[in-house]
Amino acid sequence: MHPIRKKRLTIVLFLLAGIGVAVALTTYALRQNINLFYDPSQIAAGEAPRDVRIRAGGMVEEGSVIRDPDSLKVEFRVTDFNSSVPVEYTGILPDLFAEGQGVVAMGKLDGQGRFVADQVLAKHDENYMPPEVADALEKASKAQPKAGETAQSPSY
Amino acid sequence: MWQFFHKLGSPKWFYGIATRLMPWLLVVGAALLLAGVVWGLAFAPKDYLQGNSYRIIFIHVPTAFLAQSVYIMMAVAAVVTLVWRMKLADVFVKAVAPVGLVLTFLALFTGAVWGKPTWGTWWIWDARLTSMLILLFLYGGVIALDRAINDEKSAARAVSVLVLVGVVNIPIIKYSVEWWNTLHQPATFKLTEKPSMPAEMWVPLLLSVLGLYFIFGWLACLRMQTEIIFREQRTRWVKDLVMAGRP
Amino acid sequence: MAFESLSAFIAMEGHGPYVWTCYGVFVVLLAGLMLWSQRRRRTTMEACRRNYEREAQGQQRTARPAATFTRVEVSQD
């Protein structure tokens with residue numbers, strides 16, 4: 001290669017490497033702020049601030065949803081299979097909200113470690129399947145509950 | 001190899017190749033895209049959780065995918081412009097930047113409309129969505145910077161540097177869903193694993209991605225030809241080309 | 001076919017407005033971009049042709065090139 005071109009190429013590569021390092025360091029420094037939400041383990045470990053608006057994310061624990069019959073108030077627990085956090089919310093839930101589904105709740109932690117949400121968003125995973133396949137899978141996992149659980153756990 | 005490289009740099013040679021390629025790119029692209037979209041809209045089964053709203057994926061993923069690949073192609077062209085001063089590379093960047101802008105806008109728009117019924121919100125400042133918005137601004141910045149500088153050579157250099165600076169955003173978009181907690185779900189297609197959906201869903205998706213690639217190829221050829229005519233208007237061959245068929 | 005009737009296809013079980021908005025905007029913008037790009041090549045060629053013709057007339061009268069091209073003269077926008 002021509003020496004001038006070689007020099008230009010080196011400059012370009014240095015430029016790229018420099019920007020790459022700068023951005024990597026910045027995102028590393030900001031990594032907590034870039035995370036959209038705290039997971040239940042972080043909240044249980046006291047990493048999340050209290051009385052500040054934060055987001056909590058995880059899976060709605062099976063059998064934990066209690067709907068108030070007179071109002072739109074809902075209580076449920078959000079879990080990451082290590083810890084779980086009780087959540088309280090009043091309002092309309094997204095269509096995808098269900099037990100065993102991923103959610104991101106926005107609100108504040110109160111003094112007793114309860115999460116009072118003012119907005120609940122549904123988070124879904126990258127798995128898509130026809131309803132018949134989902135039914136068949138569910139039947140199979142009921143026959144073998146262990147296998148079904150392990151298949152579900154990483155995908156909230 | 002080097003001879004081919006130099007030939008590739010000749011606008012006249014490229015113009016001829018593009019003219020021959022374009023009908024094929026358009027026909028194949030339109031057929032694939034139409035097949036993918038019709039299959040996805042009317043024939044693919046609905047999703048067990050999202051129902052029919054997931055059908056937006058058949059245009060959301062292709063536009064988002066192309067928006068990022070176009071930027072990577074522009075970055076490669078920017079290196080070629082800076083190091084080899086190849087005219088065609090610069091022509092490419094200027095010709096496709098508006099296409100990238102439209103694709104990024106479409107990815108964001110379809111994502112927002114999809115987000116409303118599934119997540120419960122149009123927009124959220126999570127890492128994936130924000131980095132995609134930055135990509136939109138990068139495309140806008142490239143177009144604006146090129147317009148702002150009148151001298152062709154200075155414009156080419158400034159635009160190339162901007163494109164290269166912005167390329168760090170691409171891995172951030174790609175890995176945002178893995179590095180951080182986001183509301184956006186991880187990628188449907190991965191190179192190393194099989195797709196996380198059955199064939200009757202991923203085949204139409206793949207068709208529309210490929211189709212949009214071909215359509216992009218057609219658009220790139222067409223827009224590069226326009227830029228070449230404009231820049232080379234003082235050359236003999238462009239004059240012959242433009243005046244062909246004239247008395 | 002995943003739908004039983006045309007009306008079911010349009011309604012998409014209530015998700016119709018979302019799905020059709022997306023596809024509508026996609027088709028309009030993509031087709032618009034394609035048509036606009038094609039028109040731009042035609043208008044660029046026509047502008048060049050007018051320049052050549054003006055140049056040829058100028059040469060006949062004064063026997064020297066009257067017009068010089070700069071990048072600014074035929075603006076892209």
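Every residue gets a Cβ built from N, Cα and C, even glycine.
Just so you know, TrEMBL annotations are computer predictions that nobody has curated.
Annotated domain 'Cytochrome c assembly protein' per TrEMBL: B:25-184, in sequence order.
Sequence annotations record features per position, and here TrEMBL assigns transmembrane segment to B:21-44 (among others).
Per TrEMBL, transmembrane segment is recorded for B:56-84 (among others).
Taken from TrEMBL, the feature transmembrane segment applies to B:91-115 (among others).
The feature transmembrane segment is assigned by TrEMBL to B:127-146 (among others).
Taken from TrEMBL, the feature transmembrane segment applies to B:158-177 (among others). Residues 68, 71-72, 74-75, 77-79, 81-82, 90, 93-94, 126-128, 131-132, 134-135, 138, 141-142, 145-146, 149, 184-187 of the same chain lie 6+ residues outside the transmembrane segment (B:158-177) yet bring a C-beta within less than 8 angstroms of a C-beta in it.
Below 8 angstroms of C-beta separation, residues 18, 21-22, 25-26, 28-37, 39-40, 43-45, 57-59, 61-63, 65-66, 69-70, 92, 95-96, 99, 103, 188-189, 195 of the same chain, each at least six residues beyond the ends of the transmembrane segment (B:201-222), sit close to that stretch. Under the heading transmembrane segment, TrEMBL lists B:201-222 (among others).
Residues of the same chain lying 6 or more positions beyond the ends of the transmembrane segment (B:21-44) and with a Cβ under 8 Å from any Cβ of it are 55, 57-59, 62, 200-201, 203-218, 221-222.
Summed and averaged per residue, pLDDT over the domain 'Cytochrome c assembly protein' (B:25-184) gives 92.
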